[in-house]
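Note sheet for the following structure.
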Amino acid sequence: MRLLWLFLALALLGPWFSEYGLKLASEAFILGLYAMAFNLLFRQTGLLSFGQAAFFGLGAYTMALLVARGGWPFPATLPLAFLISALGALFIGFLSIRLSRIYFTMLTLAFAQLLYAVAHKWYAFTGGDNGITDLRPPGIWGESLFYYYVVLFLFALGVLFLWALERSPFGYALRALRDNRARAEAVGINAFGHLLLAFVISGALSGLAGALQGALQRSVFPDYLFWTRSAECILATILGGSGVFLGPAIGATVFLLLRVVVQANTEYWPFFLGALLLLMVLFFPKGLGGLALEMASRRLKGERRGASGS
Amino acid sequence: MALLEAKDIYRSFQGFLALAGVSLSVAEGSFHALVGPNGAGKTTLFNVITGRLRPDRGRITYEGREITGWPTFRIARMGLAISFQRAQPFLSMTVLEAVAVACLGYQGRTFALLKPLRDFKEGLAQAEEALQKVGLEKQSSRRVSELPLGDLKRLDVAIALAGRPKLLLLDEPLAGLSRAERREMVAFIRELLRKEGVTLLFTEHDTEAVLHLADRITVLHQGRVLAEGSPEEIRQNAEVRAAFLGGGA
Amino acid sequence: MDLGFYALQLLTGLAYASTLFLLSVGLSLIFGAMGIVNFAHGSFYMLGAYFLYAFTRGQADGFWGGLLLVLATGFVIGAFVERIFIRRVYARPEEYQILLTYALLLIIEDLVRFFFGTGYRAFPMPQAFAGPLFLLGTPFPSYYLFLIGLAAVSALLLGIFLYRTRLGAWIRAATQDREMLEALGVNVPLLYTVVFGVGIALAALGGAALLPMQAATPGMAVDAVINAFIVVVIGGLASVWGALLGAVLIGLVQALGVLFLPEWAMVFPFALMALTLLLRPWGLLGRPPAVRT
């Protein structure tokens, strides 16, 4: 299985990274997981969430609050971050999925910004814009190489889960709903239930990614919930190609490298984000992954034609 | 005994009365046609029966149970299947996958998250069986998007049959087909459904085909039932003739 | 707390509702006629405020001319954006249309930061509204009356435009059946340009009109577009009068919220929206979908 080889290669790569490289790679896995979670909705159901940061931030704050205020050990907070984000997605999804896809996009953005505003203003609980800092995970969890493996392991688990999901009856039912909703409902598929569950899964995985990111940065701020954070997973997905399974993860890597380069030179990173998104949407809607697949298939066809011609 | 019964159904759209007190009774085992000019309310009635539209007034019973206002997916799981006029089933899948996911849908088993679809042997066997019934078993690994229109319609019927329904609704099964294809399709439907013991309720504009296929006909006109009877009775009904000649059907 | 005090809150709410209406009616109009949800709508609202500031160099005596100039610039920019960007994605799935306007949101926010900085840009109260007026003995800013009047006149003119002119009839027809319009020989692409221009011009006007009361910041675009979403979800997407009703409701809820539970004030509009979604998901004046989806 090719995915397992990929994970193995990434695991072997670990010791060769510098400290900075380990951090960047860990962040790439985290953003990759976050974007793959976003794409579960976008690719399989056509639902475009502009509020994915709500769950990323919920997961991060759950972890941070439990560690800083509750004194929990970091690893024990991860299942809870997963769960709380899932509950948040259940609530927001219940209100947002009932109408059209456009409503869904509008409402996810609105609810995420509401959470941002709450985190920003509720000083007593979240620390407001001072955030929650000093989240150094204890012992070996705080070491970059070990953390790299933790993140890689959870990333691999998430990707394998999404991979299985795509092939399961549930995944096919989502595709059926996307292809032709009326037809799908007429064969007994419960549209609302399926879309809601997909949204909850997507939210839970985003929350896991948020918790991992918070521990990597050792701090959580309200900007974990901010709308530009939602833009990150969208851009990674569009960059890598939403139609390719690993596209969002590839996009996440390219995205982070770009950010390192751009942010070293200018503070106007969102402008680049926007301009890049604009270009991708207008000219390369299939993303880098889609482009690569297209070139590969063209070459394949060319070879075949060449073979039959000779 | 009536398998499906619609009683005094009303439904309006922004002041336009699409159904104005329609009653309809489909006997078990019959081939029941719903005819009438465009805008007579046939499609609206289908949408009301399958739960896509809620009637303003009236009741629908199926197998003696009231199903008015039920969501579409629950009605489908009761064994009331439909094949659409514009058949565009699941274009991103292969033929077999499209029927298999329908099979599991009718059984309410699409919430399985981890086991791959191709390991649901029972569902796949049922899907293959449904494809055999419509003569598409050789196409099972082709992509749905590659099928010609006639095969798409057959596939849509296979998807409808995958749930082993008692009642099948067909919305203009002959639309878009050539004369020869129509004749073939009529024979195909009749033979298939007789063999399966499926009751049929269908709409169709092709009068010849209707008289050929149906054993009971209901004529709708401006949201009301104009006449009901055997093909012979309908053919001789003066009112129907007047409405159709005047209404330009 | 006397009666005058409550009357003042009511007036504050209506003044806020006035800018909300200008902001959201264009969103509703554009969605209704073109089927596009403009996520950059709040950005044009923000641009309206910054443009007024730039045109007048922050001087109150240029207010009236500046306001007219903002309206005209808003129309031109809207038409330009429709021609250059939006037009390319009509044939695409709706998620790509949304992504495009989302990209504009990101770009415009940073452009504003680049040209105007991240700080507040405040505008002095125009001379005509310098003194307060009195309502039941309580003083209130006379500018409130201007805002309410501006929204009322805009609603009236928009109503006349949509219901009494041929162009307006076409725009209304576009919300019902676009194919039919094309069959009638209407120049639909031009119509779209006009609709987008008008919608953006109104948003820009709203942003500019609020400037003397509330300073402009680059962050206001997202808040504005979310407020507009809340308004149209409550009133009904694609309904001009729904936008009016939604704006008034949110304006009043906001004013009352600040009065009674200031810490929770920002949550109230969301709560009202959630309630609408549960009870009447297509909005108070919206149309329920013909076929359940």
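Sequential numbering from 1, following the chain as shown.
Here the Cβ of each residue, glycine as well, is placed from N, Cα and C on the backbone.
Feature annotation from TrEMBL assigns transmembrane segment to C:6-29 (among others).
Residues annotated as transmembrane segment in TrEMBL: C:36-56 (among others). With a cut-off of 8 Å between Cβ atoms, the residues of this chain six or more beyond the transmembrane segment (C:36-56) that come close are 23, 26-27, 30, 62-63, 65-67, 69-70, 73-74, 77-78, 81, 86, 94, 97-98, 101-102, 104-105, 108-109, 112, 115-116, 121, 123, 199-200, 203-208, 210-211, 216, 218, 220-228.
The annotation transmembrane segment is assigned in TrEMBL to C:62-86 (among others).
Within its own chain, the transmembrane segment (C:98-123) is flanked in space by residues 36-44, 46-47, 49-50, 52-54, 56, 58, 60, 81, 85-86, 89, 211-212, 215-219, 221-222, 225, which lie at least six positions past its ends and keep a Cβ under 8 Å from the stretch. As annotated by TrEMBL, transmembrane segment applies to C:98-123 (among others).
The annotation transmembrane segment is assigned in TrEMBL to C:143-163 (among others). Only residues 6 or more beyond the boundaries of the transmembrane segment (C:143-163), in the same chain, are considered here, and those with a CB under 8 A from a CB of the stretch are 11-12, 14-15, 17-19, 21-22, 25, 125-126, 129, 133, 169, 171-172, 202, 205, 209-210, 212-213, 240, 244, 247.
Sequence-distant contacts of the transmembrane segment (C:184-205), counting only residues of its own chain at least 6 positions beyond either end whose CB sits under 8 Å from a CB of the stretch, comprise 22-23, 25-27, 29-30, 33-34, 38, 41-42, 44-45, 47-48, 51, 67, 70-79, 81-83, 86-87, 150, 154, 158, 167, 170-171, 174, 178. Positions annotated as transmembrane segment by TrEMBL: C:184-205 (among others).
Taken from TrEMBL, the feature transmembrane segment covers C:225-252 (among others).
The transmembrane segment feature in TrEMBL is assigned to C:264-283 (among others).
Outside the transmembrane segment (C:6-29), and at least 6 residues removed from its termini, the chain residues within Cβ reach (under 8 Å) are 37-38, 41-42, 45, 135-136, 138, 140, 143-144, 147-148, 150-152, 154-155, 158, 171, 195, 198-203, 205-207, 209-210, 213, 224-225, 227-229, 231-232, 235, 237-240, 242-244, 246-256, 259.
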